[in-house]
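If you check Swiss-Prot, you get these features:
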type     : residues                                                                                                 : note
ACT_SITE : SER189                                                                                                   : active site, nucleophile
BINDING  : ALA67, GLY68, PHE69, ASP70, LYS71, THR91, ASN153, ASN186, LYS228, THR256, GLY282, GLY311, TYR332, THR333 : FMN binding site
BINDING  : LYS71, ASN116, ARG117, MET118, GLY119, PHE120, ASN186, ASN191, ASN257, THR258                            : substrate binding site
Amino acid sequence: MRVYPTFFKLAFSWMDAERAHTLGFKGIRLAHATGAGRVLRKLTAPAPSLQTTAFGITFPSPFGLAAGFDKEGHGIEALTELGFGHVEVGTITGQAQPGNEQPRLFRLIEDRAVINRMGFNNDGAAAVAPRLKSARAALQRTYPAVRPVIGVNIGKTKVVELADAVDDYRISARTLAPAADYLVVNVSSPNTPGLRLLQDVETLRPLLTAVGEEADRAAGRHVPLLVKIAPDLSDEDIDDVARLALDLKLDGIIATNTTIARTGLASPAEKVEQCGAGGLSGAPLKKRSLEVLRRLKQATGDALTLIAVGGVETAQDVQDRLDAGATLVQGYTAFLYEGPFWAARINRQLARSRRS
């Protein structure tokens, strides 16, 4: 019998979603701080059969935590103790910013979904960088053979004009790349005005080129570079991004971010409307994110690492995406509904299926 769904219903479902997230994250970090993490590591460690190599890095598991949960790098070690093969931190911006006004995070429990308009709330690249460096060193000590991987997701500072976006991203790349295992350029959040315009290939080309050069120079090594795209792109735009990624020799693409669509939801229309603007994540995104993944795989073959995210809830969802061409898979929204042992459960089921 699983306890967490009952706990969620009694303790979290009635609470403001952002407050529930904050309390849950504090609980995860507290478990690490009190030494319970040592026990958790033994209980949740992915089976060796799940080790996966992407852009020259060995991941303990193909399944990781998407950006958005740990925005500022406060809980990287604690989250890896739950079984995630990688943790993508962020989105982080060049300057600290408070994000959008609250309330800005809403659950659609009937759909196992979330609507957010957080707006890249974070304390800025300069504040996050030391946490990343410390976490990376700690993970190396704790896991001397194959350690969990740290991804870093960067976005545009809201007050920076689009014309100055390249320089803003370069600040983040320069500051964060030395402590990142891989770097993600986020141009697909719907919650920063104008950000998605950067997905146009003519604008995206100089941005990705500049970020890649800045990251490698700052780190003194090649830092794998990926771009994260929206599910709302047309098929033609997806093909254009794929061609650009191949042309620039990017290391990969993450598909997909949240959607601005609201079709096919089980939640009452009035409730959805009350949530207002923002990106929808969770189960309703499953079909479209898989479609985008398949199209990217068709366009890029084996030349890029594809990371699938969007509507991932079960081990079967992870396997479906691996079968469709993803090398790595991420989740986030289902973590809120499934609880702290979600990643470990997925890893166990994946390992079991590989033995059979």
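Quick reminder: no glycine exception, Cβ is built from N, Cα and C everywhere.
Swiss-Prot feature annotations superimposed on the structure.
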residue: PHE69; record: FMN binding site; CB count, 10 Å: 22
residue: LYS71; record: FMN binding site; CB count, 10 Å: 20
residue: ARG117; record: substrate binding site; CB count, 10 Å: 22
residue: GLY119; record: substrate binding site; CB count, 10 Å: 21
residue: ASN153; record: FMN binding site; CB count, 10 Å: 26
residue: ASN186; record: substrate binding site; CB count, 10 Å: 26
residue: LYS228; record: FMN binding site; CB count, 10 Å: 27
residue: ASN257; record: substrate binding site; CB count, 10 Å: 27
residue: GLY282; record: FMN binding site; CB count, 10 Å: 25
residue: TYR332; record: FMN binding site; CB count, 10 Å: 20
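When other Cβ atoms within 10 Å of the Cβ of ALA67 (FMN binding site) are tallied across all protein chains shown, the result is 26. Rounded to the nearest whole angstrom, the C-alpha distance between LYS71 (FMN binding site) and ASN257 (substrate binding site) is 15. The FMN-binding residues named in the record, ALA67, GLY68, PHE69, ASP70, LYS71, THR91, ASN153, ASN186, LYS228, THR256, GLY282, GLY311, TYR332, THR333, extend over a maximum Cα to Cα distance of 20 Å. The closest partner of GLY282 (FMN binding site) among the binding-site residues, by CA position, is ASN257; the full candidate set was ARG117, GLY119, ASN186, ASN257.
Separation of the C-alpha atoms of ASN186 (substrate binding site) and LYS228 (FMN binding site): 5 Å, rounded to the nearest whole number. The Cα of LYS228 (FMN binding site) lies closest to that of ASN257, out of the binding-site residues ARG117, GLY119, ASN257.
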